[in-house]
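As recorded in TrEMBL:
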TRANSMEM  12-32  transmembrane segment
TRANSMEM  44-69  transmembrane segment
TRANSMEM  90-114  transmembrane segment
TRANSMEM  183-210  transmembrane segment
TRANSMEM  222-249  transmembrane segment
TRANSMEM  261-285  transmembrane segment
TRANSMEM  305-331  transmembrane segment
TRANSMEM  351-372  transmembrane segment
TRANSMEM  392-409  transmembrane segment
TRANSMEM  430-447  transmembrane segment
Ligand code: PHE
Ligand code: NA
């Protein structure tokens, strides 16, 4: 992806665009974060609220970001600047772009730590460490990793180095081609793991846990978590999707593309849950153990099926790949920001941004061991970074996007841009003007 103000190239096809957006969307958020959030928040009630947030709030905001990007034809900050000026609106809208860059930077720092866990697990799978292990054995392997700052730093550094290397060389285009084959492969592996789940005896419990709601479990904090994760998983509120939209031709249907991306993202997250929870129930593991969940469950399957080590290697390679694709999309806007405001070259800007995120990531990973007692606002550093972004920055910048699209742009132009007739457009308007923003506002302020 190139920098601002140049005359933009465009995606070669709708397919290329959808693949790139999916590459950013599908990642650790689906396979690592979604399942442990479901486990932490008591199951189905969270899942159903999350699905409502995805379709009523996430999807319109995704369309909104693409629409703004295609309209502005610039990077997110300049796009907001220009569209605000064109439509005689205040300059405060630029904050939406700035908040997005900050969020991307903060997320990258801890995302790389988890990407590092995935790399570490490739090594464990290759060396056969999972074979024959039960839940306790796998738990010990994961515990050993978490307790070792040296190991965590090593794998986090390797993950960040790969990300920096790809972004610095500007070869991100090649990733689309890779995504074309690797993403379906990841899907197939997840399906295999769901089938394995069916043989464990824990599958019915898992289904009930994920889809039979116990509404008494629900509280405002859980709803905010679901909303925040809807933004996180669709890569919203960071200007990333806005940047993609700026490369988009007029002939591509925003609504259709958004539906494709959202459905793929959702299916992968739900499949991850259906692969993981049967193992949790069958082995009597702890549902609410937080970020370690996939790392102590899936290897039980890899350790106990024929050629499981190979399946394990394939799984963590694909997961790492999906994580790198997302990490690249997180680093990109930060690099662009730095490149534009400093005399640094692209290479220099990538190094500075990447190394800064890497350093912050080290603080985050130390909160799993030596700094585990250190808290700010009652949260460890890792949790603080996660909370600040998913529950605070992303909902606010996402809200900015949808308010701007729905209230500040010319309605008739938006209708044409979406290719809707008057009837369908009134539904869009209802959602974009009222349902989505009021939903975000209510959830957000109810939690303050
Ligand atoms: N959407 C990615 C995921 O689910 C994470 C991500 C967030 C990527 C924000 C880019 C921007 O893993
Ligand atoms: Na996602």
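Including glycine, each Cβ sits where the backbone N, Cα and C put it.
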(message) Using Cβ distances below 8 Å and needing 3 or more such pairs, separated by at least 6 in sequence, tell me whether the transmembrane segment (90-114) contacts the transmembrane segment (261-285).
(response) no
(message) Take the C-beta pairs under 8 A between the transmembrane segment (183-210) and each of 44-69, 222-249, 351-372, 392-409, 430-447. Which stretch has the highest count?
(response) 44-69
(request) Could you give the residue numbers and ranges of same-chain residues that sit at least 6 residues beyond the transmembrane segment (222-249) on either side and whose C-beta is under 8 angstroms from one of its C-beta atoms? (result) 1, 8-11, 17, 20-21, 24-25, 29-30, 33-34, 37, 41-42, 45-46, 49-50, 53-54, 57-58, 61-62, 65-70, 72-77, 79, 96-97, 99-101, 103-104, 107, 261-262, 265, 269, 326, 329-330, 332-333, 336, 389-391, 393-398, 401, 439-440, 443-444, 446-447
(request) Would you mind listing the long-range same-chain contacts of the transmembrane segment (261-285), meaning Cβ under 8 Å and 6+ residues beyond its ends? (result) 18, 21-22, 25-26, 29-31, 34-35, 38-39, 47, 51, 54-55, 58-59, 62, 134-135, 139, 183, 186-187, 190-191, 193-194, 196-198, 200-203, 205-207, 209-210, 233-234, 293-294, 296-298, 300-301
(message) At a threshold of under 8 Å on Cβ distances, which of 12-32, 44-69, 392-409 pairs most often with the transmembrane segment (305-331)?
(response) 12-32
(message) With Cβ-Cβ distances below 8 Å as the criterion, list the same-chain residues six or more beyond the ends of the transmembrane segment (44-69) that contact it, or say none.
(response) 34, 37-38, 76, 79-80, 83, 208-215, 217-218, 222-223, 225-227, 229-231, 233-234, 236-237, 239, 241-248, 254-255, 257-259, 261-262, 265-266, 270, 273, 398, 401-402, 404-406, 414, 417-418, 428, 431-432, 435-436, 439-440
